[in-house]
Amino acid sequence: MSDSMLYQTLQTCLPKSRLITLWLAFTLAMLIQEPRRHAATVNAATAGGSMLGDVNISAILDSFSVSYDKRVRPNYGGPPVEVGVTMYVLSISSLSEVKMDFTLDFYFRQFWTDPRLAYRKRPGVETLSVGSEFIKNIWVPDTFFVNEKQSYFHIATTSNEFIRVHHSGSITRSIRLTITASCPMNLQYFPMDRQLCHIEIESFGYTMRDIRYKWNEGPNSVGVSSEVSLPQFKVLGHRQRAVEISLTTGNYSRLACEIQFVRSMGYYLIQIYIPSGLIVVISWVSFWLNRNATPARVALGVTTVLTMTTLMSSTNAALPKISYVKSIDVYLGTCFVMVFASLLEYATVGYMAKRIQMRKQRFMTIQKMAEQKKQQQLDGVQPPPNPNPNTMVDHGGHGHGHGHHSHGHPHVPKQTVSNRPIGFQTMQQQNIGGRGCSIVGPLFQEVRFKVHDPKAHSKGGTLENTVNGGRGGPPVGPHGPGPQGPPGGPPAGGGGGGAPPEGGDAEAAVPAHLLHPGKVKKDINKLLGITPSDIDKYSRIVFPVCFVCFNLMYWIIYLHVSDVVADDLVLLGEEK
């Protein structure tokens, strides 16, 4: 119904005033509804255009599935597919010497061309970015990590993967992975070592006739975040290479990304090197302690040895059981030898002191008995024959007849007398070189004066000076036998007041240490020419000097040998 007809109908049915009111209300309502209808028309037109765009993109994606077989690689039967690879390392979480592996989180991107996915270029749709669901509908390289031990694909909050399809058919696939890969390590210079760990990329089934891998951006294909850090290591740099691997099933293309790590020395200096060095220094304290303080020195030596043993055990417990020697083993082993040598040094000092003390006691006993014997002779009392095989030997001064003028004598060596079962006769006093020496007892006895340790015999020293008597035989000195007397008679040299033997033979009849007691006094406190105190004095200098020299050689050699940088390494922070 038109507006004029509606107006005529209302005019016939309603009064004129009311008719005008209704007409104005109707006109006003039409004016209000006009903008709304215009907006609805505009929205409808816009919606129609957007829908057209959706239809075009969907049509492109749907067209990929027409006569497309994802089981067949691109250019099947033709040239191999070139797959470009790039990596960007986000973080490296661990590097284990025990497990020989390392864990890293990185973006892994692959680039290849599939002509079957090319489409006509349209404005605004040169590249299509689609979700990970689309990957199930197309062919993708069967890439895997050769030295992978464990991998993790991130799915929070959605699958961390996307696909980009270029209108020319170029495909870009990007995923985020966390991989634990094996890393064989050489711990010969541990803890000053540098390790080179790598990730190897290869096709699992396609040989080089089907797929060839390459670094897509040349030397800049691998990137490492500057925020990568490890507690015990620093990332020195990385390098990349492409190789061809020959297996029984054919030749395969392989890419390798190598990352070099430098171990930080701070932990090992604080926890191992400095404590072990201080333990060695503590072991030197025993050199300044009195050698008679046996409990203190033994306790100190044993404690340092056990502490070094514990430190070595705890250090090696955190490392793999390897057969070769590490640099830290050299240091700890040397420290252990040093503290053990300190303990043996006190054992040597104690042994020498004991031997010297025993010699002093024997000398004092012999000297005391000799003085008693001389006193009896001065009193005119002739001692009865000694039933013991051991007899006493006296050192007298100038004497005449059987009388002696005793002089104080130092310690004399050990004397041993052995009997010879042939009669008895008393030796007379002999004045030799102005000194009197009387040996009272059976003449058929052998008197031995033990001066030095038996080991001195190997050095040409005099072990024993022997005065032999028997059958009138002369005393035997260091120069050979003296004059012989008749059997059963008095010894050569006369009776009670006879003259002594002349010349060198007279002095040879008596041991030299009896003629020169001062020399005996000088050497009685030494063993092998040194005293126990000398050993402590020498040790106070020798041990520190040896340890300082060892440290200088150790740190200079190992720091120089271990400072090796891999060839063609791109240092961290120098990537272009």
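Sequential numbering from 1, following the chain as shown.
Each Cβ is built from the backbone N, Cα and C atoms, and glycine gets one as well.
According to Swiss-Prot, the compositional bias 'Basic residues' annotation covers 398-412.
Among the features that Swiss-Prot reports, compositional bias 'Pro residues' is placed at 475-490.
Residues or ranges marked as disulfide bond in Swiss-Prot: Cys183-Cys197. For the recorded site, Cys183 (disulfide bond), the DSSP three-state label reads coil. The Cβ neighbour count for Cys183 (disulfide bond), using a 10 Å radius over every protein chain in view, is 22.
Annotation note: Asn56 (N-linked glycosylation site) sits in a helical segment as assigned by DSSP. Taking all protein chains in view, 12 other C-beta atoms sit within 10 angstroms of the C-beta of Asn56 (N-linked glycosylation site). Look at Swiss-Prot and you will find Asn56 (among others) tagged as N-linked glycosylation site, backed by sequence analysis.
The secondary structure of Asn251 (N-linked glycosylation site), as reduced to three states from DSSP, is extended strand. Sequence-distant contacts of Asn251 (N-linked glycosylation site), defined by Cβ-Cβ distance under 8 angstroms and a gap of at least six in the same chain, are Thr207, Met208, Glu244, Ile245. Annotated N-linked glycosylation site per Swiss-Prot: Asn251 (among others), in sequence order, evidence recorded as sequence analysis.
The region 'Disordered' annotation in Swiss-Prot covers 372-418 (among others).
For 452-507 (among others), the entry in Swiss-Prot reads region 'Disordered'.
Residues annotated as topological domain 'Extracellular' in Swiss-Prot, with sequence analysis given as evidence: 30-268.
The topological domain 'Cytoplasmic' annotation in Swiss-Prot covers 351-540 and is backed by sequence analysis.
Summarising the annotation, Swiss-Prot assigns transmembrane segment to 269-289 (among others) and lists sequence analysis as the type of evidence.
Marked as transmembrane segment by Swiss-Prot on the basis of sequence analysis: 298-320 (among others).
Same-chain residues lying 6 or more positions outside the transmembrane segment (330-350) and placing a CB less than 8 Å from one of its CB atoms are 272-273, 276-277, 279-280, 283-284, 286-287, 291, 294, 297-298, 301-302, 304-305, 308-309, 311-312, 315, 532, 535-536, 539, 543, 546-547, 550, 554. Residues annotated as transmembrane segment in Swiss-Prot, with sequence analysis given as evidence: 330-350 (among others).
The transmembrane segment annotation in Swiss-Prot covers 541-561 (among others) and rests on sequence analysis.
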Fill in the blank from the handout: Around the Cβ of Cys197 (disulfide bond), other Cβ atoms within 10 Å, all chains included, total 23
Problem - Between Cys183 (disulfide bond) and Asn56 (N-linked glycosylation site), the C-alpha gap once rounded to whole angstrom - result: 50
